[in-house]
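Features reported for this protein in TrEMBL:
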type	residues	note
TRANSMEM	B:19-38	transmembrane segment
TRANSMEM	B:50-71	transmembrane segment
TRANSMEM	B:92-116	transmembrane segment
TRANSMEM	B:155-174	transmembrane segment
TRANSMEM	B:181-206	transmembrane segment
TRANSMEM	B:226-251	transmembrane segment
TRANSMEM	B:263-288	transmembrane segment
TRANSMEM	B:325-347	transmembrane segment
TRANSMEM	B:359-384	transmembrane segment
TRANSMEM	B:396-413	transmembrane segment
TRANSMEM	B:434-453	transmembrane segment
TRANSMEM	B:473-492	transmembrane segment
Amino acid sequence: MSAGAVVMMVLAMLVLWGGLAAAVWNLTHRSKAPEEHYRRDL
Amino acid sequence: MTDATAAESHRGAFSSRKVFILAAVGSAVGLGNIWRFPYVAYENGGGAFVLPYLVALLTAGIPFLLLDYALGHRGRGSAPLSFARTDRRTEWIGWWQVGICFVIAVYYAAVIAWAVRYTGFSLGKVWGDAPEEFLFGSFLQAGDPGVSLDLVPGVLVPLALVWAAVLAVMVLGVQKGIGATAVVFIPVLVLAFGALVVRALFLPGAGAGLDALFSPDWAALGHASVWAAAFGQIFFSLSVGFGIMITYSSYVSRRTDMTGSGLVVGFANSGFELLAGIGVFAALGFMAQANGVPVDEVASDGLGLAFVAFPAIINEAPAGGLIGVLFFGSLVFAGVTSLVSVIEVVISAVRDKLELSRTAATVAVVLPSALVSLVFFGTTSGVYVLDIVDHFVNRYGILLVAVVSMLAVAWLARALRPLSDHLNLTGSVRVGRWWLVLVGALTPAALTVVLVRELATDLGTPYEGYPGWMLGTFGWGVAAAVVLAAVLATLVRWRPRTSLTPPGEDPAPDPTEVAS
């Protein structure tokens, strides 16, 4: 693989998979409403 | 228990935020993630495509996803009911989305049925040395383009089984059916496709495939077509704009963080697309090297990638049968979670309008859908009808209704402000003026550009050279019939017990919830 391709692949991984990790962290740590369980339709 | 909470309890709900997110990811991650994104990225600048793709995700995909969430979470109903509760004049848009989902469901099931058969074919490499001839000849028995009622048992039987599975899942309800399917299928999908990617990366030539996919062509960023492709890919991939996310968000607790959840769903969908791109192009690199040709001669997308190129790869790769099972199994898992979400839009709308029980509404929707699906796509002409309907309903159904819905909510109902206030009640990420601008102007403008470009192409050249009567009937005709059906459905009166005013904005604890 060329250096440019490697850089862009790593960049895409950092942005998209890093973005997913950051979004999950935000949801679990900064969310105003805690994860809840409720019994509808169970 | 208030009347509102009793009604919501009757509709069903996801048991937790995690289940909702898995179901939403299951809907968004579909066949397009696997067979469309890699080729779109390759064709539009390779590594440089990351930039417009990210811009499209952040300025159009996630903002539009949040609009759908806000409509459903605030309206607490199916797409037509949520639109009606936002503004009575927009109810028909919800029915338009329902009609589109019905059309998509009937042909999407056929592709899943093909993938089911190909999962088994992979073990014995049944297609031999000529996968394309096998696909259109022995398997689909396709003749010349036209309409035929000659049934193909090899397609008909798995298609009937797919619909039987869908019926069983949908009868079980929101949590036990849709939610449980997502909880099982999404981890299995990620594991299966992850294993496929690892296997593909160790094939000889994989590096050349990845080089082709990620080598940046910076000059491409100056082309409007590349930016249009990025917005189109994000839009088609995220399952926004045709009622699914409205319906699913009506099934979560009023206290759920919808903006935080939306970010997770948006990035999970795009993250899977990247994984798919790596796996697919690593495999295509192997195929190119095995045949002594450049990657651009083997790169393809859609049905050609899945049912022609991949069988050829399976033929030549070490442990090809395993690659086939993982690839086609992934298509089945990704397809089923998406199909379930599409058909739920129709079931939910019928339930709300006619106040039917879950079972009655499911039977009333799934059986006719299955019948239409079997008649049109279990025959020797199924592949042609599928190709035309898919092309036209994506562009002049999904894309058009998305633009219309955003403009109607923003400028006719003038509901963006109350919807943003609703998202901010419990959202961990606040939506402000930037969201109003994106959803009210920039995103519809970008999608309009995509739509106009597609329209110009279709008006200039008959799609794939099909006969005019076929394009008129299954293309333009189906797209127009859906709009007509939507208007007629809007004329049916809501039952007296159905309130068309938005439920209260108070996110107080729901009495049906269990203290955690």
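Note that the numbers count up from 1, one per residue, in the order the chain is shown.
Each residue, glycine too, has its Cβ placed from N, Cα and C.
Within the chain carrying the transmembrane segment (B:226-251), a Cβ under 8 angstroms from the stretch's Cβ atoms is held by residues 11-14, 20, 23-24, 27-28, 30, 32-33, 36-37, 40-41, 43-45, 49, 52-53, 55-57, 60-61, 64-65, 67-73, 75-79, 82, 94, 97-98, 100-101, 104, 174, 220, 258, 265-266, 269-270, 273, 338, 341-342, 344-345, 348-349, 394, 397-399, 401-402, 405-406, 446-447, 449-450, 453, all 6 or more beyond its ends.
Taking residue pairs at least 6 apart in sequence, the transmembrane segment (B:396-413) and the transmembrane segment (B:263-288) share fewer than three C-beta contacts under 8 angstroms.
The highest tally of CB pairs under 8 A with the transmembrane segment (B:155-174), across B:19-38, B:181-206, B:325-347, B:359-384, B:434-453, is held by B:359-384.
The transmembrane segment (B:359-384) makes contact with the transmembrane segment (B:325-347): 3 or more of their CB pairs lie within 8 A, with pairs spaced 6 or more apart in sequence. In this chain, the transmembrane segment (B:181-206) lies apart from the transmembrane segment (B:473-492): fewer than three C-beta pairs between them fall below 8 angstroms, excluding pairs fewer than 6 positions apart.
Counting residues 6+ beyond its ends, the transmembrane segment (B:92-116) has Cβ neighbours under 8 Å at 31, 78-84, 139, 155, 158-159, 161-163, 166, 241-244, 246, 303, 306-307, 328, 331-332, 335-336, 338-339, 342-343, 345-346, 349, 365, 369-370, 372-373, 376-378, 382, 385-386, 389-390, 393, 397-398, 401, 404-405, 408, 478, 481-483, 485-487, 489-490 in the same chain. For the transmembrane segment (B:19-38), the list of distant contacts is 108, 111, 175, 178-179, 181-183, 185-186, 189, 193, 213, 233, 236-239, 244-245, 248-249, 251-252, 256, 261, 264-265, 268-269, 272-273, 276-277, 280-281, 301-303, 305-306, 330-331, 334-335, 337-338, 340-342: same-chain residues at least six beyond its ends, Cβ to Cβ under 8 Å.
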